[in-house]
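**Student:** Okay, these came from TrEMBL:
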DOMAIN    36-136  domain 'Immunoglobulin V-set'
SIGNAL    1-26  signal peptide
TRANSMEM  150-173  transmembrane segment
Amino acid sequence: MQGAGQQRWPPLGLLLLLLCVSGLQAEGESEEQKCLQEGGNLTVTCPYNINKYAFSLKAWQRVRSNGHLETLVITETRNADLNLAQAGRYLLEDYPTEAIIKVTMTGLQRGDAGLYQCVIHLTSQNLVILHHRIRLVQCSGLLELPGVPALIFVTCGIILNKGLVFSVLFVFLRKPRPQTNFTQLY
């Protein structure tokens with residue numbers, strides 16, 4: 001039986017599970033979706049481990065629906081400051097001192113919809129997938145409006161989701177402060 005001043009707290013495990021699940025939804029995805037805007041460009045930045053891969057070859061690949069990997073562009077140099085590679089509409093810039101790869105696809109077309117990935121190309125059979133894969137999708141509605149990137153919508157959703165979970169967790173885990181009766185102090 002609970003007293004009048006006691007509150008009933010939900011199980012801590014349930015709250016932690018809610019927090020974990022929301023984190024998995026927001027950050028545990030192995031793919032990031034980007035809107036394909038015909039005629040536009042796509043630029044992706046992929047970080048990598050500078051100690052392991054600064055002098056390795058890098059590549060941008062398309063992952064076909066059957067799992068076949070199509071290498072679209074690959075670096076052929078191993079310079080310390082900058083490695084550039086271009087093949088048609090694909091430009092790959094490797095900045096070893098910053099440990100990032102920047103890939104740009106120009107003149108996007110409907111046929112470009114699909115799954116892509118940045119990789120460290122150790123050998124043709126030994127690839128290291130960097131960051132997360134990018135799924136280029138046809139978008140409709142608000143996401144196709146020029147100047148309104150899909151990232152804004154995704155970011156707002158993640159922030160609202162995280163904010164809500166942390167707010168609920170804070171409310172349920174905060175300890176009640178002892179109340180002081182000021183009339184007894186005088």
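Cβ atoms here come from the backbone N, Cα and C positions, even for glycine.
Keep in mind that TrEMBL annotations are predicted by a computer and have not been checked by a curator.
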**Student:** Pop the mean pLDDT for the domain 'Immunoglobulin V-set' (36-136) in here, whole number is fine.
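**Tutor:** Value for the domain 'Immunoglobulin V-set' (36-136), mean pLDDT as a whole number: 95.
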**Student:** What are the DSSP helix/strand/coil residue counts across the domain 'Immunoglobulin V-set' (36-136)?
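**Tutor:** So the domain 'Immunoglobulin V-set' (36-136) is made up of 7 helix, 55 strand, 39 coil.
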